[in-house]
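Annotated features in TrEMBL:
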DOMAIN    25-479  domain 'Major facilitator superfamily (MFS) profile'
TRANSMEM  22-42  transmembrane segment
TRANSMEM  79-99  transmembrane segment
TRANSMEM  111-130  transmembrane segment
TRANSMEM  136-157  transmembrane segment
TRANSMEM  169-187  transmembrane segment
TRANSMEM  199-219  transmembrane segment
TRANSMEM  285-308  transmembrane segment
TRANSMEM  320-342  transmembrane segment
TRANSMEM  351-374  transmembrane segment
TRANSMEM  386-407  transmembrane segment
TRANSMEM  428-448  transmembrane segment
TRANSMEM  454-475  transmembrane segment
Amino acid sequence: MGAGGFVAGDVKNYPGKVTRHVVNACVLGAMGGLIFGYDLGISGGVTSMAPFLNKFFPDVYRKEALDTSTDQYCKFNDMGLTLFTSSLYLAALIASFGASYITRTSGRKRTMLLGGIVFFIGAALNAGAVDLSMLIAGRILLGVGVGFSTQSVPLYVSEMAPQKHRGAFNIVFQLAITIGIFIANLVNYLTPKIAGNQAWRYSLGGATIPAALICLSALKLDDTPNSLLEQGKAEKAREILRKIRGLNDKEIESEFQDLVTASEAAKQVEHPWTRILKRQYRPQLTMAVAIPFFQQLTGMNVVMFYAPVLLQSIGFESNASLLSTVITGAVNILATGVSIYGSDKSGRRSLFLSGGAVMFVFQVALAVLIGSKFGTSGDVIALPRWYAGIVVACICLFVSAFAWSWGPLGWLVPSEIFPLEIRSAGQSITVAVNMLFTFFIAQLFLAMLCHFKFGLFIFFAIFVAIMSTFIFFFLPETMNIPIEEMSKVWKQHWYWRRFMPEDDDCRALDVMV
Ligand SMILES: OC[C@H]1O[C@](O)(CO)[C@@H](O)[C@@H]1O
(Lines of atoms letter the chains of each structure in order from A and count residues from 1; the text may use other names and numbers.)
(Lines give C-alpha, C1' and ligand atoms only; values in the text may rest on other atoms or scores of the structure.)
Protein backbone atom coordinates (compact mmCIF):
# COMPACT_ATOMS: atom_id res chain seq x y z
CA MET A 1 0.00 0.00 0.00
CA GLY A 2 1.14 3.53 -0.80
CA ALA A 3 2.46 6.24 1.42
CA GLY A 4 -0.95 7.49 2.50
CA GLY A 5 -2.74 4.22 2.49
CA PHE A 6 -3.03 2.43 5.75
CA VAL A 7 -6.23 1.07 7.19
CA ALA A 8 -6.38 1.74 10.92
CA GLY A 9 -6.14 -1.58 12.72
CA ASP A 10 -7.89 -0.79 16.00
CA VAL A 11 -11.10 0.85 14.87
CA LYS A 12 -14.46 -0.33 16.10
CA ASN A 13 -16.77 -2.49 14.10
CA TYR A 14 -20.37 -1.61 14.92
CA PRO A 15 -22.94 -4.30 14.19
CA GLY A 16 -25.79 -3.47 11.80
CA LYS A 17 -27.88 -5.08 9.09
CA VAL A 18 -28.77 -3.62 5.74
CA THR A 19 -32.43 -3.09 6.65
CA ARG A 20 -35.31 -1.99 4.43
CA HIS A 21 -35.42 1.26 6.42
CA VAL A 22 -31.82 2.18 5.78
CA VAL A 23 -32.05 1.29 2.08
CA ASN A 24 -35.21 3.41 1.72
CA ALA A 25 -33.72 6.32 3.62
CA CYS A 26 -30.47 6.35 1.68
CA VAL A 27 -31.97 5.79 -1.75
CA LEU A 28 -34.79 8.33 -1.29
CA GLY A 29 -32.39 10.81 0.31
CA ALA A 30 -29.82 10.41 -2.43
CA MET A 31 -32.46 11.24 -5.03
CA GLY A 32 -31.71 14.83 -3.99
CA GLY A 33 -28.91 14.50 -6.56
CA LEU A 34 -31.48 14.33 -9.38
CA ILE A 35 -32.20 18.05 -9.28
CA PHE A 36 -28.52 18.96 -9.56
CA GLY A 37 -28.00 16.50 -12.41
CA TYR A 38 -31.14 17.61 -14.24
CA ASP A 39 -29.94 21.16 -14.17
CA LEU A 40 -26.38 20.30 -15.25
CA GLY A 41 -27.83 18.45 -18.22
CA ILE A 42 -30.66 20.75 -19.26
CA SER A 43 -29.22 24.28 -19.52
CA GLY A 44 -26.68 23.71 -22.33
CA GLY A 45 -29.40 22.33 -24.60
CA VAL A 46 -31.94 24.99 -23.71
CA THR A 47 -29.56 27.89 -24.34
CA SER A 48 -28.90 26.56 -27.83
CA MET A 49 -32.63 26.44 -28.73
CA ALA A 50 -33.35 29.24 -31.23
CA PRO A 51 -36.82 30.22 -29.89
CA PHE A 52 -35.36 30.54 -26.38
CA LEU A 53 -32.51 32.77 -27.58
CA ASN A 54 -34.83 34.82 -29.74
CA LYS A 55 -37.13 35.51 -26.78
CA PHE A 56 -34.63 36.21 -24.01
CA PHE A 57 -31.33 36.99 -25.74
CA PRO A 58 -32.27 38.51 -29.12
CA ASP A 59 -28.81 40.10 -29.59
CA VAL A 60 -27.09 36.78 -29.09
CA TYR A 61 -29.57 35.17 -31.46
CA ARG A 62 -28.76 37.66 -34.22
CA LYS A 63 -24.99 37.44 -33.68
CA GLU A 64 -25.06 33.64 -33.74
CA ALA A 65 -26.98 33.66 -36.98
CA LEU A 66 -24.24 35.85 -38.51
CA ASP A 67 -21.37 33.73 -37.18
CA THR A 68 -19.89 31.87 -40.16
CA SER A 69 -16.59 30.67 -38.64
CA THR A 70 -15.62 27.03 -39.33
CA ASP A 71 -13.05 26.91 -36.53
CA GLN A 72 -14.08 24.11 -34.18
CA TYR A 73 -12.02 25.49 -31.30
CA CYS A 74 -13.26 29.08 -31.34
CA LYS A 75 -17.02 28.75 -31.37
CA PHE A 76 -19.13 31.85 -31.02
CA ASN A 77 -19.44 32.66 -27.36
CA ASP A 78 -21.40 35.21 -25.37
CA MET A 79 -20.40 35.88 -21.78
CA GLY A 80 -23.90 37.09 -20.81
CA LEU A 81 -25.49 33.87 -21.98
CA THR A 82 -22.96 31.62 -20.23
CA LEU A 83 -23.33 33.78 -17.15
CA PHE A 84 -27.04 33.01 -17.22
CA THR A 85 -26.23 29.26 -17.15
CA SER A 86 -23.46 29.43 -14.64
CA SER A 87 -25.18 31.91 -12.28
CA LEU A 88 -27.00 28.97 -10.78
CA TYR A 89 -23.71 27.65 -9.39
CA LEU A 90 -22.97 31.00 -7.76
CA ALA A 91 -26.40 31.00 -6.10
CA ALA A 92 -25.76 27.42 -4.93
CA LEU A 93 -22.38 28.43 -3.54
CA ILE A 94 -23.87 31.21 -1.40
CA ALA A 95 -26.86 29.09 -0.34
CA SER A 96 -24.63 26.27 0.88
CA PHE A 97 -23.43 28.49 3.73
CA GLY A 98 -26.98 29.20 4.88
CA ALA A 99 -27.71 25.50 4.53
CA SER A 100 -24.86 24.74 6.92
CA TYR A 101 -26.71 26.58 9.70
CA ILE A 102 -30.04 24.94 8.90
CA THR A 103 -28.63 21.38 8.69
CA ARG A 104 -27.03 21.92 12.07
CA THR A 105 -29.94 23.51 13.90
CA SER A 106 -33.01 22.05 12.18
CA GLY A 107 -31.64 18.83 10.77
CA ARG A 108 -30.65 17.22 7.49
CA LYS A 109 -34.21 16.21 6.59
CA ARG A 110 -35.67 19.74 6.80
CA THR A 111 -32.83 21.15 4.72
CA MET A 112 -33.55 18.60 1.99
CA LEU A 113 -37.27 19.43 2.10
CA LEU A 114 -36.59 23.15 1.92
CA GLY A 115 -34.19 22.61 -0.98
CA GLY A 116 -36.86 20.63 -2.86
CA ILE A 117 -39.52 23.31 -2.32
CA VAL A 118 -37.30 26.19 -3.42
CA PHE A 119 -36.15 24.22 -6.45
CA PHE A 120 -39.77 23.46 -7.37
CA ILE A 121 -40.70 27.16 -7.30
CA GLY A 122 -37.60 28.03 -9.36
CA ALA A 123 -38.45 25.42 -12.01
CA ALA A 124 -42.07 26.63 -12.21
CA LEU A 125 -40.92 30.26 -12.61
CA ASN A 126 -38.56 29.22 -15.40
CA ALA A 127 -41.21 27.23 -17.25
CA GLY A 128 -43.67 30.13 -17.13
CA ALA A 129 -41.11 32.91 -17.70
CA VAL A 130 -42.42 35.86 -19.69
CA ASP A 131 -39.29 38.00 -19.38
CA LEU A 132 -35.63 37.83 -18.44
CA SER A 133 -36.16 38.89 -14.83
CA MET A 134 -38.51 35.96 -14.22
CA LEU A 135 -36.00 33.64 -15.81
CA ILE A 136 -33.19 34.92 -13.63
CA ALA A 137 -35.29 34.83 -10.44
CA GLY A 138 -36.06 31.19 -11.26
CA ARG A 139 -32.39 30.46 -11.88
CA ILE A 140 -31.42 31.88 -8.48
CA LEU A 141 -34.06 29.77 -6.72
CA LEU A 142 -32.84 26.68 -8.56
CA GLY A 143 -29.35 27.48 -7.35
CA VAL A 144 -30.55 27.80 -3.76
CA GLY A 145 -32.28 24.42 -4.09
CA VAL A 146 -29.12 22.81 -5.47
CA GLY A 147 -27.01 24.37 -2.69
CA PHE A 148 -29.34 23.06 0.00
CA SER A 149 -29.55 19.56 -1.37
CA THR A 150 -25.85 19.09 -2.14
CA GLN A 151 -25.12 20.32 1.37
CA SER A 152 -27.54 18.03 3.17
CA VAL A 153 -27.82 14.84 1.10
CA PRO A 154 -24.23 13.54 1.33
CA LEU A 155 -24.26 14.19 5.10
CA TYR A 156 -27.64 12.53 5.47
CA VAL A 157 -26.58 9.38 3.66
CA SER A 158 -23.17 9.10 5.32
CA GLU A 159 -24.78 9.33 8.76
CA MET A 160 -27.59 6.87 8.02
CA ALA A 161 -25.59 4.16 6.29
CA PRO A 162 -24.00 1.29 8.21
CA GLN A 163 -20.23 1.80 8.27
CA LYS A 164 -19.48 -1.21 6.04
CA HIS A 165 -21.69 0.03 3.22
CA ARG A 166 -21.33 3.79 3.66
CA GLY A 167 -19.46 4.17 0.37
CA ALA A 168 -22.04 2.29 -1.68
CA PHE A 169 -24.99 4.18 -0.21
CA ASN A 170 -23.34 7.55 -0.54
CA ILE A 171 -22.49 6.97 -4.18
CA VAL A 172 -26.21 6.67 -4.95
CA PHE A 173 -26.13 10.50 -4.66
CA GLN A 174 -23.69 10.80 -7.58
CA LEU A 175 -25.65 8.08 -9.37
CA ALA A 176 -28.75 10.28 -9.04
CA ILE A 177 -26.74 13.21 -10.47
CA THR A 178 -25.75 11.12 -13.50
CA ILE A 179 -29.35 9.89 -13.96
CA GLY A 180 -30.52 13.53 -13.78
CA ILE A 181 -28.02 14.52 -16.51
CA PHE A 182 -29.10 11.59 -18.69
CA ILE A 183 -32.82 12.33 -18.36
CA ALA A 184 -32.22 16.04 -19.06
CA ASN A 185 -30.29 15.25 -22.24
CA LEU A 186 -33.07 12.98 -23.45
CA VAL A 187 -35.70 15.60 -22.58
CA ASN A 188 -33.77 18.23 -24.57
CA TYR A 189 -33.57 15.87 -27.50
CA LEU A 190 -37.28 15.13 -27.43
CA THR A 191 -38.99 18.42 -26.51
CA PRO A 192 -38.20 20.28 -29.79
CA LYS A 193 -39.73 17.37 -31.68
CA ILE A 194 -42.87 17.44 -29.55
CA ALA A 195 -43.38 21.05 -28.50
CA GLY A 196 -41.64 23.07 -31.25
CA ASN A 197 -41.12 26.71 -30.25
CA GLN A 198 -42.25 26.06 -26.69
CA ALA A 199 -39.73 23.22 -26.16
CA TRP A 200 -37.65 25.26 -23.73
CA ARG A 201 -40.64 25.66 -21.38
CA TYR A 202 -41.08 21.91 -21.16
CA SER A 203 -37.37 21.28 -20.73
CA LEU A 204 -37.07 23.81 -17.90
CA GLY A 205 -40.42 22.90 -16.36
CA GLY A 206 -39.45 19.21 -16.32
CA ALA A 207 -37.33 20.04 -13.27
CA THR A 208 -40.52 20.30 -11.21
CA ILE A 209 -40.86 16.50 -11.38
CA PRO A 210 -37.61 15.59 -9.58
CA ALA A 211 -38.26 18.52 -7.21
CA ALA A 212 -41.68 17.15 -6.27
CA LEU A 213 -40.16 13.69 -5.82
CA ILE A 214 -37.55 15.04 -3.44
CA CYS A 215 -40.14 16.93 -1.40
CA LEU A 216 -42.28 13.83 -1.06
CA SER A 217 -39.28 11.68 -0.08
CA ALA A 218 -38.03 14.23 2.43
CA LEU A 219 -41.48 14.34 4.07
CA LYS A 220 -41.39 10.57 4.54
CA LEU A 221 -37.80 10.31 5.76
CA ASP A 222 -36.55 10.15 9.35
CA ASP A 223 -33.73 12.45 10.30
CA THR A 224 -30.33 10.89 11.12
CA PRO A 225 -29.55 9.81 14.70
CA ASN A 226 -26.55 12.20 14.71
CA SER A 227 -28.74 15.10 13.64
CA LEU A 228 -31.49 14.23 16.16
CA LEU A 229 -28.90 14.21 18.94
CA GLU A 230 -27.60 17.53 17.69
CA GLN A 231 -31.18 18.84 18.10
CA GLY A 232 -31.44 17.40 21.63
CA LYS A 233 -33.83 14.53 20.73
CA ALA A 234 -31.95 11.63 22.34
CA GLU A 235 -34.81 9.13 22.63
CA LYS A 236 -35.89 9.63 19.04
CA ALA A 237 -32.25 9.23 17.96
CA ARG A 238 -32.01 5.88 19.78
CA GLU A 239 -35.26 4.71 18.22
CA ILE A 240 -34.14 5.61 14.67
CA LEU A 241 -30.74 3.97 15.17
CA ARG A 242 -32.49 0.77 16.30
CA LYS A 243 -34.81 0.91 13.33
CA ILE A 244 -32.20 1.54 10.63
CA ARG A 245 -29.70 -0.98 12.01
CA GLY A 246 -32.36 -3.66 12.64
CA LEU A 247 -30.93 -4.34 16.13
CA ASN A 248 -32.11 -4.16 19.74
CA ASP A 249 -31.18 -1.55 22.36
CA LYS A 250 -28.25 -3.55 23.69
CA GLU A 251 -26.77 -4.20 20.28
CA ILE A 252 -26.76 -0.54 19.23
CA GLU A 253 -25.47 0.68 22.61
CA SER A 254 -21.82 1.03 21.63
CA GLU A 255 -22.57 3.02 18.45
CA PHE A 256 -25.19 5.10 20.26
CA GLN A 257 -22.81 6.02 23.08
CA ASP A 258 -20.17 7.13 20.57
CA LEU A 259 -22.76 9.29 18.82
CA VAL A 260 -23.75 10.82 22.17
CA THR A 261 -20.11 11.60 23.02
CA ALA A 262 -19.58 13.18 19.61
CA SER A 263 -22.75 15.18 19.93
CA GLU A 264 -21.83 16.44 23.41
CA ALA A 265 -18.46 17.61 22.18
CA ALA A 266 -20.21 19.21 19.20
CA LYS A 267 -22.69 21.10 21.41
CA GLN A 268 -19.89 22.93 23.16
CA VAL A 269 -18.69 24.34 19.87
CA GLU A 270 -20.48 27.59 19.36
CA HIS A 271 -18.60 28.77 16.32
CA PRO A 272 -17.94 25.93 13.92
CA TRP A 273 -16.53 28.36 11.34
CA THR A 274 -13.77 29.49 13.69
CA ARG A 275 -13.31 26.01 15.00
CA ILE A 276 -12.72 24.50 11.58
CA LEU A 277 -9.65 26.71 11.14
CA LYS A 278 -7.90 25.14 14.14
CA ARG A 279 -4.69 23.30 13.45
CA GLN A 280 -6.11 19.92 14.44
CA TYR A 281 -8.63 20.04 11.56
CA ARG A 282 -6.04 20.94 8.93
CA PRO A 283 -6.20 17.53 7.18
CA GLN A 284 -10.00 17.55 6.91
CA LEU A 285 -10.06 21.19 5.81
CA THR A 286 -7.40 20.49 3.18
CA MET A 287 -9.50 17.61 1.80
CA ALA A 288 -12.73 19.64 1.86
CA VAL A 289 -11.09 22.23 -0.40
CA ALA A 290 -8.74 20.08 -2.50
CA ILE A 291 -11.10 17.25 -3.41
CA PRO A 292 -13.93 19.30 -4.99
CA PHE A 293 -11.35 21.62 -6.61
CA PHE A 294 -9.57 18.67 -8.19
CA GLN A 295 -12.87 17.04 -9.16
CA GLN A 296 -13.70 19.98 -11.39
CA LEU A 297 -10.10 20.23 -12.66
CA THR A 298 -10.33 16.73 -14.12
CA GLY A 299 -11.97 18.48 -17.07
CA MET A 300 -15.04 16.22 -16.94
CA ASN A 301 -17.43 19.09 -17.48
CA VAL A 302 -15.42 20.28 -20.46
CA VAL A 303 -15.77 16.86 -22.05
CA MET A 304 -19.47 16.97 -21.25
CA PHE A 305 -19.98 20.43 -22.77
CA TYR A 306 -17.63 19.91 -25.73
CA ALA A 307 -18.69 16.38 -26.73
CA PRO A 308 -21.70 17.44 -28.86
CA VAL A 309 -19.65 20.02 -30.82
CA LEU A 310 -16.76 17.62 -31.21
CA LEU A 311 -18.91 14.73 -32.34
CA GLN A 312 -20.69 16.91 -34.83
CA SER A 313 -17.45 18.10 -36.34
CA ILE A 314 -15.97 14.62 -36.69
CA GLY A 315 -18.84 13.36 -38.77
CA PHE A 316 -21.80 12.48 -36.55
CA GLU A 317 -23.89 15.44 -37.77
CA SER A 318 -27.36 14.04 -37.70
CA ASN A 319 -27.29 12.15 -34.45
CA ALA A 320 -24.56 13.98 -32.52
CA SER A 321 -26.78 15.11 -29.69
CA LEU A 322 -28.28 11.68 -29.16
CA LEU A 323 -24.87 10.05 -29.33
CA SER A 324 -23.39 12.45 -26.82
CA THR A 325 -26.36 11.72 -24.56
CA VAL A 326 -25.37 8.09 -24.68
CA ILE A 327 -21.72 8.87 -24.02
CA THR A 328 -21.99 11.46 -21.28
CA GLY A 329 -25.14 9.84 -19.95
CA ALA A 330 -25.27 6.07 -20.10
CA VAL A 331 -21.53 5.42 -19.70
CA ASN A 332 -21.49 7.86 -16.81
CA ILE A 333 -24.36 6.05 -15.06
CA LEU A 334 -22.95 2.56 -15.63
CA ALA A 335 -19.45 3.39 -14.46
CA THR A 336 -20.79 5.12 -11.35
CA GLY A 337 -22.33 1.71 -10.59
CA VAL A 338 -18.82 0.23 -10.58
CA SER A 339 -17.79 2.47 -7.72
CA ILE A 340 -20.96 1.61 -5.78
CA TYR A 341 -19.60 -1.89 -5.83
CA GLY A 342 -15.89 -1.04 -5.48
CA SER A 343 -15.73 1.73 -2.89
CA ASP A 344 -16.43 -0.54 0.10
CA LYS A 345 -14.46 -3.48 -1.31
CA SER A 346 -11.26 -2.17 -2.86
CA GLY A 347 -11.32 1.17 -1.06
CA ARG A 348 -11.44 4.84 -1.95
CA ARG A 349 -7.74 5.16 -2.75
CA SER A 350 -7.59 2.45 -5.37
CA LEU A 351 -10.61 3.91 -7.19
CA PHE A 352 -9.10 7.41 -7.11
CA LEU A 353 -5.74 6.17 -8.37
CA SER A 354 -7.00 3.81 -11.07
CA GLY A 355 -9.49 6.45 -12.29
CA GLY A 356 -6.70 9.05 -12.40
CA ALA A 357 -4.40 6.78 -14.43
CA VAL A 358 -7.08 5.94 -17.00
CA MET A 359 -8.25 9.57 -17.31
CA PHE A 360 -4.66 10.70 -17.88
CA VAL A 361 -4.03 8.17 -20.66
CA PHE A 362 -7.22 9.01 -22.56
CA GLN A 363 -6.89 12.77 -22.18
CA VAL A 364 -3.46 12.58 -23.77
CA ALA A 365 -4.87 10.27 -26.45
CA LEU A 366 -7.68 12.76 -27.20
CA ALA A 367 -5.20 15.63 -27.46
CA VAL A 368 -3.13 13.64 -29.97
CA LEU A 369 -6.13 12.42 -31.98
CA ILE A 370 -7.82 15.83 -32.17
CA GLY A 371 -4.59 17.80 -32.58
CA SER A 372 -3.35 15.66 -35.45
CA LYS A 373 -6.57 16.12 -37.43
CA PHE A 374 -7.72 19.65 -36.60
CA GLY A 375 -4.22 21.07 -36.02
CA THR A 376 -4.22 24.55 -34.56
CA SER A 377 -6.56 26.06 -37.15
CA GLY A 378 -9.49 23.95 -35.98
CA ASP A 379 -10.92 23.69 -39.49
CA VAL A 380 -13.29 20.80 -40.02
CA ILE A 381 -12.02 18.03 -42.26
CA ALA A 382 -13.70 14.77 -43.18
CA LEU A 383 -12.52 12.00 -40.88
CA PRO A 384 -12.54 8.30 -41.72
CA ARG A 385 -15.20 6.37 -39.79
CA TRP A 386 -12.65 4.26 -37.90
CA TYR A 387 -10.84 7.39 -36.70
CA ALA A 388 -14.05 8.96 -35.40
CA GLY A 389 -14.81 5.66 -33.67
CA ILE A 390 -11.50 5.78 -31.80
CA VAL A 391 -12.24 9.34 -30.63
CA VAL A 392 -15.64 8.22 -29.33
CA ALA A 393 -14.03 5.24 -27.55
CA CYS A 394 -11.51 7.55 -25.85
CA ILE A 395 -14.28 9.87 -24.65
CA CYS A 396 -16.20 6.87 -23.27
CA LEU A 397 -13.16 5.57 -21.40
CA PHE A 398 -12.38 8.99 -19.97
CA VAL A 399 -15.99 9.49 -18.82
CA SER A 400 -16.16 6.05 -17.26
CA ALA A 401 -12.88 6.53 -15.37
CA PHE A 402 -14.18 9.82 -13.94
CA ALA A 403 -17.45 8.13 -13.03
CA TRP A 404 -15.86 5.37 -10.98
CA SER A 405 -13.45 7.72 -9.22
CA TRP A 406 -13.56 11.51 -8.82
CA GLY A 407 -17.27 11.84 -9.62
CA PRO A 408 -18.68 9.93 -6.64
CA LEU A 409 -15.67 10.10 -4.34
CA GLY A 410 -15.64 13.86 -4.71
CA TRP A 411 -18.76 13.82 -2.52
CA LEU A 412 -18.23 10.69 -0.47
CA VAL A 413 -14.82 11.37 1.06
CA PRO A 414 -15.47 14.94 2.26
CA SER A 415 -18.79 13.89 3.79
CA GLU A 416 -17.25 11.16 5.94
CA ILE A 417 -14.10 12.76 7.33
CA PHE A 418 -15.36 15.60 9.54
CA PRO A 419 -16.20 15.19 13.24
CA LEU A 420 -19.79 16.14 14.07
CA GLU A 421 -18.99 19.55 15.58
CA ILE A 422 -17.78 20.92 12.23
CA ARG A 423 -19.42 18.48 9.80
CA SER A 424 -22.01 20.90 8.41
CA ALA A 425 -19.46 23.68 8.03
CA GLY A 426 -17.03 21.27 6.33
CA GLN A 427 -19.68 20.06 3.91
CA SER A 428 -20.55 23.68 3.03
CA ILE A 429 -16.94 24.32 2.12
CA THR A 430 -16.96 21.25 -0.14
CA VAL A 431 -20.17 22.35 -1.86
CA ALA A 432 -18.97 25.95 -2.21
CA VAL A 433 -15.62 24.94 -3.75
CA ASN A 434 -17.35 22.48 -6.08
CA MET A 435 -19.85 25.11 -7.24
CA LEU A 436 -17.20 27.79 -7.60
CA PHE A 437 -15.10 25.67 -9.95
CA THR A 438 -18.14 24.31 -11.80
CA PHE A 439 -18.95 28.00 -12.36
CA PHE A 440 -15.42 28.83 -13.57
CA ILE A 441 -15.27 25.90 -15.94
CA ALA A 442 -18.76 26.59 -17.34
CA GLN A 443 -17.90 30.26 -17.75
CA LEU A 444 -14.38 29.94 -19.13
CA PHE A 445 -14.22 26.72 -21.04
CA LEU A 446 -15.07 28.15 -24.50
CA ALA A 447 -12.42 30.83 -24.10
CA MET A 448 -9.92 28.21 -22.87
CA LEU A 449 -10.68 25.92 -25.80
CA CYS A 450 -10.18 28.79 -28.23
CA HIS A 451 -6.86 29.65 -26.62
CA PHE A 452 -5.34 26.22 -25.78
CA LYS A 453 -7.00 24.33 -28.68
CA PHE A 454 -6.34 20.57 -28.42
CA GLY A 455 -3.80 21.40 -25.70
CA LEU A 456 -6.77 21.89 -23.35
CA PHE A 457 -6.79 18.12 -22.84
CA ILE A 458 -3.10 18.23 -21.91
CA PHE A 459 -3.82 21.05 -19.45
CA PHE A 460 -6.36 18.86 -17.65
CA ALA A 461 -4.13 15.75 -17.94
CA ILE A 462 -1.44 17.63 -16.00
CA PHE A 463 -3.97 18.38 -13.27
CA VAL A 464 -5.02 14.73 -13.19
CA ALA A 465 -1.37 13.74 -12.64
CA ILE A 466 -1.06 16.30 -9.81
CA MET A 467 -4.27 15.20 -8.07
CA SER A 468 -3.36 11.52 -8.29
CA THR A 469 0.00 12.25 -6.67
CA PHE A 470 -1.83 14.21 -3.96
CA ILE A 471 -4.15 11.28 -3.26
CA PHE A 472 -1.26 8.83 -3.20
CA PHE A 473 0.62 10.74 -0.53
CA PHE A 474 -2.04 12.54 1.46
CA LEU A 475 -5.35 10.72 1.50
CA PRO A 476 -5.54 7.87 4.02
CA GLU A 477 -7.97 5.03 3.35
CA THR A 478 -11.35 5.78 4.95
CA MET A 479 -13.15 2.61 3.90
CA ASN A 480 -14.71 0.71 6.80
CA ILE A 481 -13.85 3.30 9.45
CA PRO A 482 -16.84 4.41 11.57
CA ILE A 483 -17.52 8.08 10.97
CA GLU A 484 -17.11 9.08 14.62
CA GLU A 485 -13.77 7.22 14.80
CA MET A 486 -12.29 8.89 11.76
CA SER A 487 -9.77 10.96 13.74
CA LYS A 488 -7.68 7.79 14.10
CA VAL A 489 -6.81 7.65 10.42
CA TRP A 490 -5.16 11.06 10.61
CA LYS A 491 -3.34 10.18 13.81
CA GLN A 492 -1.65 7.27 12.07
CA HIS A 493 -0.91 9.03 8.81
CA TRP A 494 2.78 9.75 8.05
CA TYR A 495 2.13 13.45 7.37
CA TRP A 496 -1.12 14.46 9.04
CA ARG A 497 -0.24 13.00 12.45
CA ARG A 498 1.85 16.08 13.26
CA PHE A 499 -1.38 18.14 13.30
CA MET A 500 -3.19 15.86 15.72
CA PRO A 501 -3.54 16.53 19.46
CA GLU A 502 -1.89 13.92 21.71
CA ASP A 503 -5.02 11.93 22.57
CA ASP A 504 -8.76 11.95 21.98
CA ASP A 505 -9.49 13.70 25.27
CA CYS A 506 -7.92 16.84 23.93
CA ARG A 507 -10.95 17.25 21.75
CA ALA A 508 -13.32 17.30 24.69
CA LEU A 509 -11.08 19.66 26.69
CA ASP A 510 -10.37 21.97 23.84
CA VAL A 511 -13.76 22.59 22.35
CA MET A 512 -14.64 26.00 23.75
CA VAL A 513 -14.04 28.27 20.81
O1 LIG B 1 -21.24 13.16 -13.75
C2 LIG B 1 -20.65 14.36 -14.05
C3 LIG B 1 -21.06 15.44 -13.11
O4 LIG B 1 -20.64 15.15 -11.81
C5 LIG B 1 -20.20 16.33 -11.17
O6 LIG B 1 -18.80 16.32 -11.09
C7 LIG B 1 -20.81 16.44 -9.82
O8 LIG B 1 -20.34 15.45 -8.99
C9 LIG B 1 -20.60 17.45 -12.09
O10 LIG B 1 -19.83 18.61 -11.96
C11 LIG B 1 -20.52 16.80 -13.42
O12 LIG B 1 -21.24 17.46 -14.37
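Including glycine, each Cβ sits where the backbone N, Cα and C put it.
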Query = Which bits of the chain, at least 6 residues beyond where the transmembrane segment (22-42) starts or stops, bring a Cβ under 8 A of a Cβ in it?
reply = 88, 112, 115-116, 119, 142, 145-146, 149-150, 152-153, 156-157, 160-162, 169-170, 172-185, 187-188, 203-204, 206-207, 210-211, 213-214, 217-218, 220-222, 244-245, 301, 304, 329
Inquiry  = Could you check whether the transmembrane segment (428-448) packs against the transmembrane segment (136-157) - three or more CB pairs closer than 8 Å, residues at least 6 apart in sequence?
reply    = yes
Ask   = Looking at the transmembrane segment (136-157) and the transmembrane segment (79-99), are there 3+ C-beta pairs under 8 A, with each pair at least 6 apart in sequence?
value = yes
Long-range environment of the transmembrane segment (386-407) - Cβ separation under 8 angstroms, sequence gap at least 6 = 174, 177-178, 294-295, 298, 300, 303-304, 307, 310-311, 314-316, 323, 327-328, 331-336, 338-339, 342, 351-352, 354-356, 358-359, 362-363, 365-366, 369-370, 373, 467
Key: Across the domain 'Major facilitator superfamily (MFS) profile' (25-479), average pLDDT on the 0 to 100 scale   = 91
Key: Same-chain residues near the transmembrane segment (454-475), Cβ under 8 Å, at least 6 residues beyond its ends   = 2-5, 73, 283, 286-287, 290, 294, 297-299, 302, 348-349, 352-353, 356-357, 359-360, 363-364, 366-367, 370-371, 374, 376, 406, 413, 448, 495-496
Remark   = Given 79-99, 169-187, 199-219, 285-308, the one sharing the most C-beta pairs under 8 Å with the transmembrane segment (111-130) is 199-219
Ask   = Do the transmembrane segment (199-219) and the transmembrane segment (169-187) share at least 3 Cβ pairs under 8 Å, sequence separation 6 or more?
value = yes
